[in-house]
C-alpha cells in the first residue's frame, strides 16, 4: 500500500516537472511576426518582446500565454482593426505599448479585446490612440491594473471607451489612468467588480458609466474634468466610497448622475467644483454619509421621484445652491448635515442647531425654471427675496428640511 | 490742476471722515476674517457688504463734501483757474480718498491674513463703484442748489441701482421666461454698474453654477476677449459720464 502511494507521488511530481520543462520562453525581435510566434507556442509558454516597434494587427490568441514586454515594445496597429484578440484563460499581458487601432464602430476596434476569457491579467500597459482601449465581453476574474490609456480624439464620436466591460463578473480594475476617451470606464451587465484607485480624467462623455451592473464597488477613484461626470443607471447594491469628483463643468454635467439606483451606499466621497454634485432621479434607499460637497453650482439636485434616501452627516460648504428639486413632495430623510449657509443658533451648546435648516432656497427654484435668472444671483434684491421666503415659505417645499443641522463641519480628514 | 488736487486731497485726508471710514472698513474686514474659516467665504461676506455699503457711502459723502466745500470752490472760482479744473480736482480728490479707504481698510487685513484672486477683484470692484457713485453724487450736487435735494437724488440713484433695477430685470426675466433671454439680460446688466461689479465677483465665486446652460453663455461672454472688452468699456463709461456731465453743468452754472 505504502509503496503504491509513493509510486503515485513520484509519477505526479514527474508529470509536473515535465510540464514545467515543456513551457518555453520565446524571445521575439522587432520585424518578426507575433502571430506566428503565438501559433507556434503552446499553452503555458512565455513570449518576451524585445523593445522596438512591431507593426501588426489582429493578433489572435487562443491559448494560455504570457506576453511580456522588455523596455516597453510597441505594437503598432497601423490604424487597422484590433491589435490583440484574446479568447483564452490565464493570459497575462504586461509591459506593452499598444497604439493606433482602427476607428470603426462596426467591430469596436480595440487595443486588446477579450472574449469568453477567465483569470487574465492585464498589467502596466500603455495604450495610445486606440479607439476602444481594453474591451472585454463575457469574461470573468480579470485583473486590470496599472494601465495607462490615452486617446487624443477631439470629438466624442471619434473615440470609444477606455476600459469597456460587457457581461463580465468578478473583476478587479485598479490603479489605471484613463483619459480622452468617450467613457473612461464603461460597465454594462457587470457584477461583483471592484474599481479602485483609478484616475479617470478629461473623457469626452462620462468618466465612469455603468448600467445594469449590480453589486459593484468603487473606491478611491478620481474623476476629473470629464464631459459629463459619472453616470450610474439602473443598478442596485453598489458601493461608492472615498471617490473624488472634480471639475465636471457644463450644462448637463454632474459629479454623479444617479438614475434608477437602489439599495446603495455613497460614503465619504468628495464633490468639488462640479456644476451639479449629485443629480438623482428615480432612486431609492441610497445612503449618503460623510460626503463633502464643496464649491459646486448645485450640491444636490434631488428630483421628486426619489424616495427613502438618507442624507446624513455630510458637509455642504460654499456651494452656490445647496439643493434643488422639481416638486414639493419629499420622501427622503435629510439629517445631521453641516450647512455653511445655516444661520441658526445653538443655545443648549450641543453643537446641533436649534432651528431647522431649509436647504432649498427660493432662488434655486427660480433658476431651475429660468436658467437665465442666475445672472441676478447675489444681488440685494435676490437676497431680500430669499430672506422673505425663509420666513414664509411659499414656493419652496416646506418638508425639505434638516431638523438637526450641525453647527460645525465634520472633520473627514 | 495738480496743485488744486493736492490741496483738495490734503483737506479731505485730514478730515475725520476719511479715518472713520477706513477704520470702519478695516473693522468689518477683520471681524469677517475672524469669523470665517476660509478665503472664499471671506470674499463672499465682504462682497455682500461692499456691494451695498460702498455705493451708499460714496453717494452720501460725496454730496455732503461738495456742499461743505462750496465756499472754497467759490473762492477758487474767483481765481484765474479753469472751472473744469476746480471741479475735477474736487471730484478726483473724493474718488482717491474713498478708493484709498477701501484699499487700506480691506487691503490691510488681506495682507495680514492672505487673499486670493476673488479678494483682489473685490478691491477693484470697490474702487470702481466708488468712482461711479462719486460721479453720480457730484452730478446730483451740481444740478440742484439744495443740499437736501442733492442727497435725496444720490440716495434715489443708489436705491435704483442696488435694488429697483434688479427687481425690474427679475420681473422681466420672469415674465418672458419662454423667450431666449441671455442676450437681453446681458444688455440690461451693462446698464447697471452695480450689476457689472457683482458679476465680476460671480465669475470668481460661482463659476460652477455659471457653467449651467445659459450660465455657460454668460461665462463664455465674460471670459472671452470681446466680453471683457465690452464689460470693461461699460464700466469705464459708467465711471466717466456722470463726472463729465457734472463738469459741463458746473462749467455753465451761475454761482
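Heads up, the Cβ atoms here are built off N, Cα and C, so glycines get one too.
TrEMBL entries are annotated by machine, without manual review.
Within the same chain, residues 42, 45-46, 49, 57, 61, 65, 93-94, 97-98, 100-102, 104-106, 108-110, 112-113 sit at least 6 positions outside the transmembrane segment (B:12-33) and bring their C-beta atoms closer than 8 Å to a C-beta of that stretch. The annotation transmembrane segment is assigned in TrEMBL to B:12-33 (among others).
Per TrEMBL, the feature transmembrane segment maps to B:45-67 (among others).
What TrEMBL records for B:87-113 (among others) is transmembrane segment.
TrEMBL lists B:119-143 (among others) with the feature transmembrane segment.
Within its own chain, the transmembrane segment (B:155-176) has Cβ neighbours under 8 Å at 51-52, 55-56, 59-60, 133, 136, 140, 184-185, 188-189, 191-195, counting only residues six or more beyond its boundaries. The transmembrane segment feature in TrEMBL is assigned to B:155-176 (among others).
The transmembrane segment annotation in TrEMBL covers B:196-214 (among others).
According to TrEMBL, the transmembrane segment annotation covers B:221-241 (among others).
The highest tally of CB pairs under 8 A with the transmembrane segment (B:45-67), across B:87-113, B:119-143, B:221-241, is held by B:119-143.
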